[in-house]
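Visitor: One structure is given below, represented as structure tokens, and several questions about it will come after.
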Amino acid sequence: MESPAVTFTLAYLVFAVCFVFPPDEVRSAGLTVQSLLAAWLGSEDAAFVQYHLRRSTGTLLAHSLLPLGYYFGMCFAAPEKHLCFFYLASKEWKTFFFFAVLLPAVSSTMAYYWSRKGWNNHPLARTLAVYALPQSGWRAVASSINTEFRRIDKFATGAPGARVIVTDTWVIKVTTYCLHVAQQQDIHLTVTDSRQHELTPDSNMPVQFLTIRVASVNPYVKAFDIRLNSAEYGELREKLRAPISNAANVVIHQSLSDLFLETFTSLVEMNQTYSVPSTQELEPCIGCMQTIANIKLIKNCQEPNEGECQQCYCRPMWCLTCMGKWFASRQDQQHPETWLSSHVPCPTCRAKFCILDVCIIR
């Protein structure tokens, strides 16, 4: 039978790992630093920068207490070691206790120093100060980031301990102990590595993860790496102003929907075209409101009264990209081999059509 000390050590090790790197089950139970210190941290949506100033500091303090917690637990799990009486403990345990006390002491000193003068000494505040105008301070930059973070059009991905956020102006990486920030107009982005995982909890298909180096031309801003699923690469590029170079010649695998959209577009371009009457004025696509509608559904695959497809009488209201996305969204995600031959309803009138019925307006 295992001794209580061994059992406690294994249990505490599991607890410490789950506390530092909390899985979804631990997060849902509220056993994280963010949940335990929620009243002090405030709202991330209301004040993103201020929230992470406190979160990084609180996380450092909380994690620094773990060795001391283990020592106190061993006082009860192994009473024969006399850990409750420091002068009776062995030399090894005295050394462990010394470092277990020193770690939170140093962390507390750092936290106190960072919080002085309204968090002016925090590493994040110093990074933001680099981007501040001469007549303003880091708080003006923080206010800009807070405003952009509240917008719904930002790009955000990743687990809470390794999040990547891209706004109109900023590229942000959130880690356990710090926040990396770089201004889009000052950065160079390079794909440096890729890893492929054959099995993932959310999909039965291989998943590719890309590592992208974010380097600022400003020497006072430290470079950092972001990691994301290759399926999100296209969305990231749309949000970035700077191009992404591929120094490692990495073959980037697109998502299944992106691959289908390319095939859908190439097949539609081979269909017959449609000419609108001179009196008809085309309006913006109701899907994206950015591109002029350039698609008309006309039954071409079979005779008018044959087959599953139906004639659509809607005026042109969609662009090719949005129609392709609509077509893909109506498919069985587990059977992509059936996508090209399937029939879907018109997004407006519900008349069924296939790829052969999609005509580009010339």
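Using the three backbone atoms N, Cα and C, a Cβ is placed for every residue, glycine included.
Among the features that Swiss-Prot reports, signal peptide is placed at 1-28, with the record citing sequence analysis. Per Swiss-Prot, topological domain 'Extracellular' is recorded for 29-57, 116-362, and the stated evidence type is sequence analysis. The feature topological domain 'Cytoplasmic' is assigned by Swiss-Prot to 79-94. Per Swiss-Prot, the feature transmembrane segment maps to 58-78, 95-115.
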Visitor: Would you kindly list the residues that approach the transmembrane segment (95-115) from elsewhere in its chain, counting only those six or more residues past its ends and only Cβ-Cβ distances under 8 Å?
Guide: 53, 57, 60-61, 64-65, 67-68, 70-71, 83, 86, 89, 121-123
Visitor: I need to check the long-range neighbours of the signal peptide (1-28): which residues 6 or more away from its ends have a CB within less than 8 Å of a CB in the stretch?
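Guide: Same-chain contacts beyond the ends: 35, 62-63, 66, 69-70, 73-74, 77-78, 81, 160-161, 176.
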Visitor: Looking only at residues six or more beyond either end of the topological domain 'Extracellular' (29-57), which have a C-beta under 8 A from one in the stretch?
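Guide: Here the qualifying positions are 18-19, 22, 63, 111, 114-115, 119, 122, 124-125, 128, 142, 145-146, 149-150, 160, 174, 176-179.
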Visitor: State the non-local partners of the topological domain 'Cytoplasmic' (79-94) in its own chain: residues 6+ outside its ends, Cβ under 8 Å from one of its Cβ atoms.
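Guide: Contacts with the topological domain 'Cytoplasmic' (79-94): 5, 71.
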Visitor: Sort the residues of the topological domain 'Extracellular' (29-57) into helix, strand and coil with DSSP and give the three counts.
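Guide: Helix, strand and coil residues of the topological domain 'Extracellular' (29-57) number 18 helix, 0 strand, 11 coil.
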Visitor: Mind checking how the topological domain 'Cytoplasmic' (79-94) divides into helix, strand and coil residues in DSSP?
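Guide: Secondary-structure breakdown of the topological domain 'Cytoplasmic' (79-94): 10 helix, 0 strand, 6 coil.
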Visitor: Please work out the mean pLDDT for the residues of the topological domain 'Extracellular' (29-57).
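Guide: Here the mean pLDDT over the topological domain 'Extracellular' (29-57) amounts to 91.
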